[in-house]
Structures are given as structure tokens and as C-alpha cells.
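What Swiss-Prot records for this protein:
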type	residues	note
LIPID	G2	N-myristoyl glycine
CARBOHYD	N58	N-linked glycosylation site
CARBOHYD	N71	N-linked glycosylation site
CARBOHYD	N72	N-linked glycosylation site
CARBOHYD	N103	N-linked glycosylation site
CARBOHYD	N111	N-linked glycosylation site
COILED	150-182	coiled coil
TRANSMEM	194-214	transmembrane segment
TRANSMEM	216-236	transmembrane segment
CARBOHYD	N262	N-linked glycosylation site
CARBOHYD	N314	N-linked glycosylation site
CARBOHYD	N317	N-linked glycosylation site
CARBOHYD	N349	N-linked glycosylation site
CARBOHYD	N457	N-linked glycosylation site
TRANSMEM	469-489	transmembrane segment
Amino acid sequence: MGASVSSDITNTITCNLQEASNTILNNQNLNDHQGIFVNIIKIGDGNINANNFAEKSNASIDINALANALNNSSMNEDLNKKIAQTAKAAIKGVNLMQLGDANTTINDIVNTSIKVKNTAIQNLIIRFDQKIKINIYHIGKGNIKVKNVHLKEIHKIITKEVENAKNNNKDVTKLIEQFSQATESKVEGFSLKILSLIIFSTAFLGLGGVYVGGKIAFPVTLLLSILAFYQYFNWTDRTIFTDGFVDTMFNIDNDGCEALKNLTIENVKSAKGASDRCLKNPKCVAYNWNHNTKKITMFKGVLEEGCKNDILKNNTNETLFERKKLIVREGKKDPIMSTNGDLYLNNKNQTLWYNYKKKKQNNWKELKNEKKIILDNSIKQGIDKFIKIIFGYEEKLPGPMPHTLYIDYSHNNHLKVFLCKLNFLIGKDFKNRDQSKDWTLISTIHLDIKMLDFEENDSCGVIVEQNKLWLLCVAVILLFIGIIGMGLGLKKNKN
């Protein structure tokens, strides 16, 4: 797992730097030889539309200038956001619970990736004072439009610098060790303690040899065994396992969670602070943290395995790192300028609004063309309004859900609004319907959808009391020695 994380960090940074480099190059409108990054040699008149070229061109790309452009504040901020999302997505499918505190683990991966990226860019600026030559053939005058450039040489240089930066970063090494250890079962000091006990038993108590002090030593050994058993069941290491970006949270009404009782509700500013708060409270066995209210709900009592496993099963990592920050409001009036959010549903007249923000101000616009579609569909289904909005991805459209709008938010700059148009809800017509037409795309809303930040997500966690395995082994060995020794003593007394 450690090697996989190392590879993920390299791929995450390289791909995002490559994409940013391509964006910079592809946005250049170059006149003659005045391009900052690309100098293209041409002869004669006419425009060049260099579309999708890779090697059939005659140009030079200034690596140093490109690296400086990557390093400017706006580009760097955008890169950091993309790297953060890619880094999180890179470990989807990993059971974060086995890594302990997911809040810390995710932040460590993101921060380390950004550090490596910064080092790689600085190295590009310092080391490279060269231009990469490519060839393009053109005769005539005119402008040159560069589009969809993808150069293998740039990719090689970026990959090399990212690898160098990663290999010299101590935080990467720590992450690799952390992920590697998560898959190993490790008992500190186990071998030495068992070995010491065996040596003590055979040498001092005389097992297999001379019986020395058995009348006192072996009863004491049995008492020590009982003490070791007691310590094994009562002396535990208290650790917390957390998960972020969760849909399903702990609730005393959940199946299997009936043994939990509400302990306390407190204000906590961050997900990390919430997990620390529960860990420090000796009565806390599980917690939920709500990012909207900034409150932690702690639970006491017995945490059944069924309850814990059900929460873990429902909080899968398939899409949790890809979620967008989409705020939906509902009300019985149309939204006003001060209403914040991305989408607004007027439940009274069944209208859907979207907020195209300009200059950081709210600007609400109604999807007027869709109002009639929604109303007509609702009337046909015998209701006066649609009931709910759900969110997901277009390729994962659910089964028929009458009276529902489905919002696909998987795209970076727009939403797709689907309506479940079931006109036949009973009988043969429903069974024999064309299921591909259950959902109809009624609108595409162009919005700048922000990615979720880690602290803008709900999280939950459980306390795990881990027994010390070496104590159990000590108890068993002491019990064995005590019983055998007492038996030898009784036999000797009879003789």
C-alpha cells in the first residue's frame, strides 16, 4: 500500500502540472515570434491554426518561462485545489478506517502533494534555461493559434522533477511508512517479553530440571497469571478511527445502534477537533460532526459491531472525494438577492431557480421553460408538486422515482436536471414501459461548481479499545507454568 501511495503522489502532481502547462500553451495567440512560451518559425502569409499537433511543428517552448507562469499566484492556487482533489480521489477505495484518523491522513496526503509540487516548480525555474524544439511547417503571413498541444518532452521533464522532489521529501517517506504499517499486525515488544518469561521460568523455577522454591514460586506464578488475565481485559489502548465525507452517521435509531445513548452535544470548529474531543472524553464511544452547525454529537454506551459495520458499509469511498459544494435551498417564495445558494426550489409554484453569481453577488434566474414540463408531469401523476430533489451522476441514474428531480453534478461547470416522467404507475403499462425514458433531461444549468473542502464535510468516528495481545500470551504461559509446577510439587511431596 505504501508503494501505491508513492506512485499516486507522483501521478497526481505530474498530471495536474501537465494539464496546467497545456492550458497555458493552448491559450497563447501568437503573432510572428512574439510568443512568451512558444516561438514558431514561419515564412510567408496566412494564419496558422496549430490544432492537436505533437511533433509536426517548428517551435521552441521556454521551460523557465513556463515554470514561472505555473508559479504565479492565481495559477498556483488553482493547481493546489486540483491537486487536493486528485490526491483525495487517488486513495478512494482505501478503507480509511484502517489508517486511524482519516481527518489527519487526508490532510497529510494533500499537504505533502502540494509541497512536492512547489519544490518541483522551483527546481524547474532554477535548473532549466532551455527551450524545447518542435517542428511546424507554414508559408505566408498571419497569426498562429496554438490549440491542444501535448508534448512528450514537457511531460518527461515534469515527471523527472516531480520524482526528484518526491524522493527528497521526508513527509512522503512518513506517508509510505504509515500506509505500509496500516496493513501489518504489529505487537510491540511481544517477542522479547515472551522470550524473557520463558527464560525466567525455565531457569528460576526449574522446569525440566531441578525443582527450586516450588512451594512458593508456582503459587505466585498462578497469581501472576490471574493478574495478567485481569490486566488483559481491563488495560486497553484507546484509539479513535474516523471517516470523512460521510452520508450515513451514527443514530440511536439505526439498526443495531440501540445500545448507544446520547452523551453530549458541543460546539467544535473542525473535523479534526471533533475527533480529538471524543478521544479525550472517557465516556465517548462514537461521534458525529456536522460541518454546517459546527457541532459534535457524542454517544456513550455499548457500540455493537453491527452498528459500527453498518455505518462503515454505507459510507463507501467510491465517490466521496469527488463531491461538489452544491447548496440547495427550498421555500414557499421566490429567492431574493440576499438568498445564498446554488439552486432554489419554490415548493409553492413548483419552480426551480439557479444562482449565476456575478461579482460575488447573488443573481437568481428561473428555469421558466421547465416550469410547464414539471407542472404537466405532476398533474399526470396526480400530484400538485414534485416531492424531492436527489443528486448523483448521469451514468448512475436510479430506478423509477416518481415525483422527483435528479441533478447530475459530476461536471465541473454545469448541472444536468432530469425529471422522472412516469405516466403509467400501475398495471402492465408500467411493467412494459421503455425504462430508458424514465428520466428525461429537461435542462442544463451552467454554473461554476466549487469542489468541497475537507472541513466542509460531515464526519463520524468510533473509539476502539484494543487489548494488549502480549499480556494474554503472558497470562497463558504463566498459567501453564503454574499448573505444571504445582503438579510436579504435589508429585514430589507424595514421593
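Cβ atoms are placed via backbone N, Cα and C, with glycine included.
Features per Swiss-Prot, on structure.
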| residue | record | Cβ neighbours (10 Å) |
| --- | --- | --- |
| N111 | N-linked glycosylation site | 14 |
| N262 | N-linked glycosylation site | 12 |
| N349 | N-linked glycosylation site | 12 |
| N457 | N-linked glycosylation site | 18 |
For N262 (N-linked glycosylation site), what is the secondary structure state per DSSP, taken as helix, strand or coil?
strand
Work out how many Å separate N457 (N-linked glycosylation site) and N349 (N-linked glycosylation site) at their Cα atoms, rounded off.
32
How many Å separate the Cα atoms of N349 (N-linked glycosylation site) and N262 (N-linked glycosylation site)?
40
Measuring Cα to Cα, how many Å separate N262 (N-linked glycosylation site) from N111 (N-linked glycosylation site)?
35
